[in-house]
């Protein structure tokens with residue numbers, strides 16, 4: 001058989017081959033690693049291979065602990081199954097249902113257009129407006145939904161600025177025969193509302209088209225990047241944040257430092273700093289930063305900007321006045337956010353003190369608010385209807401129907417979260433985490449501040465090729481044990497790793513938002529690699545800054561906490577670390 005054809009057949013059957021070969025290739029682990037730890041390591045690595053290669057759907061792989069842990073004697077099923085719907089999953093579900101209600105009434109589109117009206121239409125400011133809107137929405141909606149919603153808005157604005165994209169691409173080409181059939185199409189101008197005079201030579205047209213094409217790419221690439229950045233600001237913004245909370249509760253039950261409010265206080269300033277730096281880099285790279293940033297000029301570009309502003313204004317007017325449903329969801333959303341922030345903000349007593357200590361969590365708050373969505377009316381109720389016999393019996397419609405919630409909520413992600421918690425529980429109960437920690441002792445020589453940079457960089461690079469949820473599930477137990485081994489507050493390593501796994505900017509396959517933007521056909525892989533490489537560096541530096549400044553004082557990261565008990569309480573040698581202290585700068 002032709003080697004080329006055989007290789008194509010192998011590639012076509014790669015998932016089936018991985019499914020069959022991975023369990024066989026990992027079998028030696030059962031004989032070279034201590035029995036219980038070896039069995040757990042076998043399951044963990046098997047799931048890691050399946051997650052990274054997507055040989056099975058991610059959610060199906062996440063359910064493997066339900067069948068493998070009990071049958072291999074690692075954990076009984078009564079301990080495995082509850083991990084799939086912990087209170088962290090309910091908090092995540094609450095955020096997803098609230099996002100469904102916001103999308104159902106169209107509130108997200110009104111917010112997006114309003115922000116764009118405020119920032120203006122000069123390229124750099126418009127890119128900033130796109131990034132601010134995308135990051136804010138992705139704090140509450142999924143990153144994928146935010147990107148999918150923002151891209152059509154961006155394309156409409158870009159077409160009003162620069163006209164037809166195909167014509168723009170044609171005008172970017174260097175024409176050696178301007179009189180031939182392939183000459184620049186002067187009758188279809190690169191700026192639809194700019195009347196370029198016939199005296200402009202082809203070189204000027206080409207340069208202008210290249211500039212416009214760069215700005216177009218900058219618009220499109222800024223949206224998925226801002227969505228990924230914004231998702232890190234809230235616990236419900238992206239799955240890895242919730243995995244951190246869930247695994248903290250599993251490994252360190254006495255640690256109550258991370259909740260919705262405390263995470264927001266830490267992560268929101270980090271998000272703002274990274275967003276501004278990212279905007280400067282993207283605007284610089286794609287032509288948005290120039291003397292026109294703050295100076296108004298009456299020229300062709302100014303005319304195009306005026307047309308784009310008119311498009312935004314027109315789209316906003318089409319939305320009409322704020323509807324009752326939009327106002328109701330806005331009010332409930334504000335209540336949702338305020339209650340989450342103020343439950344236990346740490347620096348003052350929150351409203352949870354009015355209840356039995358430890359009984360009320362963020363999940364309780366979330367479920368209370370989203371339950372209201374299913375019975376609160378979407379139309380303004382009228383008392384006159386009850387006394388008017390001639391009034392028609394209009395059907396009662398709540399703000400959100402269960403059918404819509406079922407369709408909108410990505411249940412596979414909830415299973416994926418559960419799989420992560422089940423894996424963490426298995427690592428803890430089997431002693432695998434401690435066994436791994438014993439082999440990480442040489443890393444104790446690395447200064448903690450340097451280790452933070454290495455950990456964040458490694459996670460950010462790994463997640464370029466694998467799901468960020470799967471990445472943090474795999475590595476967070478190892479990072480937690482590493483922190484214990486080197487006498488460092490576990491949060492000092494776990495928080496940067498969690499945040500860093502959302503910083504996947506270099507490849508189209510890194511995140512669904514990247515894939516959506518790339519699928520538009522206007523971006524090339526080299527565009528994402530060039531832009532994303534610097535974005536990764538900026539993200540790593542921003543995380544290091546945050547965790548070593550305000551994060552250090554917020555979470556007392558400079559001391560080794562009492563709650564950081566060893567992962568396996570039977571390990572007497574590790575237990576001595578629970579009362580140790582460390583000097584972060586020493």
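Note: Cβ is positioned from N, Cα and C throughout, glycine not excepted.
The structure displayed is predicted, hence computed values, not measured ones.
As recorded in TrEMBL, the features of this protein are as follows:
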type	residues	note
TRANSMEM	16-33	transmembrane segment
TRANSMEM	40-64	transmembrane segment
TRANSMEM	123-141	transmembrane segment
TRANSMEM	219-243	transmembrane segment
TRANSMEM	263-287	transmembrane segment
TRANSMEM	324-343	transmembrane segment
TRANSMEM	363-387	transmembrane segment
TRANSMEM	446-479	transmembrane segment
TRANSMEM	531-552	transmembrane segment
Original post:
Counting Cβ pairs under 8 Å that sit 6 or more residues apart, are there three or more between the transmembrane segment (219-243) and the transmembrane segment (531-552)?
Top reply: yes
**OP:** Could you give the residue numbers and ranges of same-chain residues that sit at least 6 residues beyond the transmembrane segment (40-64) on either side and whose C-beta is under 8 angstroms from one of its C-beta atoms?
**Re:** 14-16, 18-19, 22-23, 26-27, 29-30, 33, 72, 74, 411-413, 415-416, 418-420, 422-423, 426-427, 430, 432, 435, 465-467, 469-470, 473-474
Subject >> Contacting positions for the transmembrane segment (123-141) when only residues 6+ beyond its ends and CB under 8 Å are counted >> reply: 95, 98-99, 102-103, 108, 111-112, 115-116, 147, 149-150, 154, 157, 215, 218-219, 222-231, 233-234, 236-238, 271, 275, 278-279, 282-283, 286-290, 292-293, 308, 333
Subject >> Long-range Cβ neighbours of the transmembrane segment (446-479) (under 8 Å; 6 or more residues past either end) >> reply: 44, 47-48, 51-52, 58, 238-240, 243-244, 247, 251, 413, 416-417, 419-420, 423-424, 427-428, 432-433, 436, 440, 486, 488, 490, 492-494, 496-504, 506-507, 509-511, 536, 539-540, 543-544, 547-548, 567, 582, 584-585
Subject >> Intrachain neighbours beyond the transmembrane segment (531-552), with Cβ under 8 angstroms and 6 or more residues off its ends >> reply: 221, 225, 229, 266-267, 269-270, 273-274, 277-278, 281-282, 285, 449, 452-453, 456-457, 460-461, 492, 495-496, 499-500, 503-507, 510, 558, 584
